[in-house]
Amino acid sequence: MTVEAFISALNDAGITLTEQQIEQFQRYFELLVEANKQFNLTAITDEKDVYLKHFYDSLTVAIYVKALQHQSSTLIDVGTGAGFPSLPLKIAFPQLKITMVDALQKRVRFLQDVVDTLDLKNVSIVHGRAEDIGQNVAYREQFDFATARALARTSVLAEYTLPFVKVGGALLVMKGAAAEQELADGQQALATLGGTLSSAFDFKLPNGDQRVIQVVDKHKKTPKKYPRQAGTPNKKPIA
């Protein structure tokens with residue numbers, strides 16, 4: 001996906017970027033490729049692939065969950081890695097208040113460099129494990145939305161993310177082709193943690209890759225015991 005195709009595809013979806021935003025995406029790409037030479041941030045470094053599989057893919061969640069486009073929502077991105085989907089969302093929709101969580105200090109430093117270089121406001125970067133931060137009252141049940149992209153299977157991902165979402169908010173799960181089976185396997189975890197699937201959107205990226213966005217509404221508080229201590233959700237998923 002060329003830069004021009006990226007802009008055009010967003011226009012077709014009703015999202016118009018300013019010149020400044022287009023420049024911010026290009027600078028983000030440059031910073032990503034440069035930092036990737038020092039340590040592994042992503043296997044995707046070709047410009048056309050980054051614009052499709054990182055930038056455009058990240059923004060698809062706002063195409064289907066339009067509240068992200070217009071409201072000054074609080075959003076936490078758990079296991080953000082190189083900043084996806086939260087940084088593309090922040091660039092495209094500056095009114096969002098973003099918190100990014102990652103367990104690796106090198107990635108946190110990279111994210112801070114991007115935020116500083118692009119002069120992004122209302123962005124917080126938290127270094128640590130989701131299981132630990134999810135028990136911190138400063139973050140627990142404080143967010144309108146939580147996102148996670150390719151973080152873990154749904155039953156595990158739910159325990160990492162739903163504790164951050166306030167009652168009345170939603171978890172936005174971004175998955176590939178295996179999403180339906182994962183969701184079926186994760187139903188007990190969602191219910192236990194206070195979530196209910198409200199909608200799902202199946203679509204394809206312009207290159208034909210299958211994607212699914214699942215919206216999980218938070219309808220009751222997460223029991224205090226969740227998330228369990230670091231490592232436990234992955235070893236012993238809620239079932």
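The backbone N, Cα and C atoms fix where each Cβ goes, and this holds for glycine too.
Taken from Swiss-Prot, the feature S-adenosyl-L-methionine binding site covers GLY79, PHE84, ALA130, GLU131, ARG149, and the record attributes it to sequence analysis. Residues or ranges marked as compositional bias 'Basic residues' by Swiss-Prot: 218-227. What Swiss-Prot records for 218-239 is region 'Disordered'.
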DSSP helix/strand/coil residue counts for the compositional bias 'Basic residues' (218-227): 0 helix, 1 strand, 9 coil
Number of other Cβ atoms within 10 Å of the Cβ of PHE84 (S-adenosyl-L-methionine binding site) across all protein chains: 24
Binding-site residues (GLY79, ALA130, GLU131), the one with most neighbouring Cβ atoms at 10 Å: ALA130
Span of the S-adenosyl-L-methionine site, taken as the largest CA to CA distance across GLY79, PHE84, ALA130, GLU131, ARG149 (Å, rounded to a whole number): 20
Distant-in-sequence Cβ neighbours of ARG149 (S-adenosyl-L-methionine binding site), under 8 Å, six or more positions away: ASP57, SER58, ASP77, GLY81, PHE84, PRO85, MET174
